[in-house]
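Engineer: Let me give you the structure first, and then I'll get to my questions.
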Amino acid sequence: MSQPAIALAGTKAPAKGKRPATRSFWRNVGRRLLHDPVSMACLTILLLIVLAAIFAPYVAPHDPYRTSMARRLIPPGDARYWLGTDELGRDLLSRLIYGGRLSLFMGFAPVLLATMIGGLLGVIAGYVGGAINMLIMRVIDVFYAFPSVLLAVAISGVLGAGIGNTIFSLTLVFIPPVARVAESVATQMRNQDFVEAARATGAANWRIVLAHVVPNVTGPILSYASSLISVSIVLAAGLSFLGLGITPPEPEWGLMLNTLRQSIYVAPLNAVLPGVMIFITSMCFNLMSDGLRSAMDVKQ
Amino acid sequence: MLVYVLRRILYTVPIAMGVSLVCFALIHLAPGDPLSAIIPEGASPETVAQVRAAYGFDQPLPVQYLKWLQHVVMGDFGNSIMTQRPVMHEVLPALANTLVLAAAAVLFGFALGCLFGVVSGYLAGKPTDKAVTAVSITGVSIPHYWLGMVLMVIFAVELNLLPATGMGEGGSGTFGLGWDSLQYLILPALTLSVIPAGIIARSVRGTIAEVRKQDFMQTLHAKGLPGRRIFVHVVKNALPAVLAVMGLQLAQLLGGSILVETVFSWPGTGFLLNNAIFTRDLPVLQGTILVLAMFFVLINLTVDVVQTAVDPRIKRA
């Protein structure tokens, strides 16, 4: 928000009804990200994984579901099965490629849902204040009073395995922290002079929220939500690893790690491979989230 | 200060009530009848009604909640559906094992995190700082259950240096301080310490770099204070923020150990919880979650109070 309050002589005054400051801020962030080699490297790796997952039927060398008792646990480096096979003789490379579909989806969906729901709750609580704030934030506090992994495991454990239940439990875990971020920014906004001024000119509440609160809350929420993606991927795979997420025989990295765990003494390399995929994606999302945060840091 | 502590404790009461309500609701969130595990197939409706009445499931929900709460406050969490033993007899030994594991992980994690954070905060922007930051991001990103498997492959399967799973010979439940017991602790504790180490390193680095940028640091340098005396000032100023992060990490370890305990078959609360989920032993599930969540609330309360006591700048009343 570096827009000068008084337009200097010779500069163009900003057009009425538009918010050029906001737009150029995001354009700057994008430009800084493009010049950050680490973020771009991570983006490339992630794009490769995502594209491979989307076009899995064309990319994968074998059928990820076809089992064979004769080809069980072939070690990586085989001429036909590059990354070896799993405990049921299924091609590991193909399963890792297909696995990206569910693993990435399970990482993204809860963060997306939690960002929307938590952001909405936070903005309402922060902007309206008073009793509504009390009600929303105290309920949020209760859910915040559980260790996040424990809450996810408890809800998934009670509801049972399945994609929908996993997404539901992870969303519930991520709503409280997002709502807290949104609430604290929205509360600050409520008492800003420009919001006061907008109110004085007779702007309706929905208009103030849309024009002033939401644009200011977006940055902190996005920055926070981006750091949640890697947590969500690790946690979703972790639930599958416990047997509480995806159900067999679907290829998913956490579930693959779970079933291959039995073979850890026989074929240790095969057994740890799915974890490498979880690690790489989570690492890339974390580094990109860091890049985004420093790109949004106006002080630099 | 005293007023703040009292208010903070009072504020914990509704949170604890809310937590208990969520734990109670969990059972009723479960699809199917919570008693389906003990009522045999094709039991007569009279038997079913009798069992329901015996467990109090025939009463309205608010009544059930209040009755349950009354028992819980007295330390009675009901009986396990599987073993018929009181839930507390299952949860408390498991909690002790989890605390042993968490304490060891805290020791590893906090020491590593502080060391990395201080080095990197002092050398902010230098190559060493970049390297340390990369290591700590790795710590934050790594799926720790997978790291546990990798450590197991290296140290137990390939090198045969440490035991892979369990907590002692023949899965004995007693834990001593000798090598016999400690060797079982090393791998799970190391695995569990990676996330707190990474998070603490990052926050210590940030806080120290921030403190060192402030004006009073120049004053200290200008009046010729030696480096180690300045370091004391840096630590004093960074401590409250770092303490808060540490407390939160300690608390998160309690829940975070579920996956690690499963990988290493460590007989703690996570292991118990996992078993309770798969045998659908809802009273044990409910009791474990409630005890862990209450512990979490208590640690957070302690952290807040300690933080206020350490930092005179925070005046909360």
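Backbone N, Cα and C atoms are what each Cβ position is placed from, and that goes for glycine too.
Reproduced below are the annotations present in TrEMBL:
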type	residues	note
DOMAIN	B:95-307	domain 'ABC transmembrane type-1'
TRANSMEM	B:9-30	transmembrane segment
TRANSMEM	B:99-124	transmembrane segment
TRANSMEM	B:145-162	transmembrane segment
TRANSMEM	B:182-204	transmembrane segment
TRANSMEM	B:238-264	transmembrane segment
TRANSMEM	B:284-306	transmembrane segment
Engineer: I need to check the long-range neighbours of the transmembrane segment (B:182-204): which residues 6 or more away from its ends have a CB within less than 8 Å of a CB in the stretch?
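Structural biologist: Hits for the transmembrane segment (B:182-204): 100-102, 104-110, 112-114, 116-118, 120-121, 132-133, 135-142, 144-145, 147-148, 151-152, 155-156, 162-164, 166-168, 175, 238, 241-242, 245-246, 249-250, 252-253, 256-257, 260-261, 263-264, 266.
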Engineer: Give residue numbers and ranges for long-range contacts of the transmembrane segment (B:9-30): same chain, 6 or more residues beyond its ends, CB-CB under 8 A.
Structural biologist: 61, 64-65, 68-69, 72, 280, 282, 285-286, 289-290, 293-294, 297, 301
Engineer: List, by number or range, the same-chain residues at least 6 past the transmembrane segment (B:145-162) whose CB is under 8 A from its CB atoms?
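Structural biologist: Counting only partners 6 or more residues beyond its ends, the transmembrane segment (B:145-162) has Cβ contacts under 8 Å with 183-184, 186-188, 190-191, 194, 259-260, 262-264.
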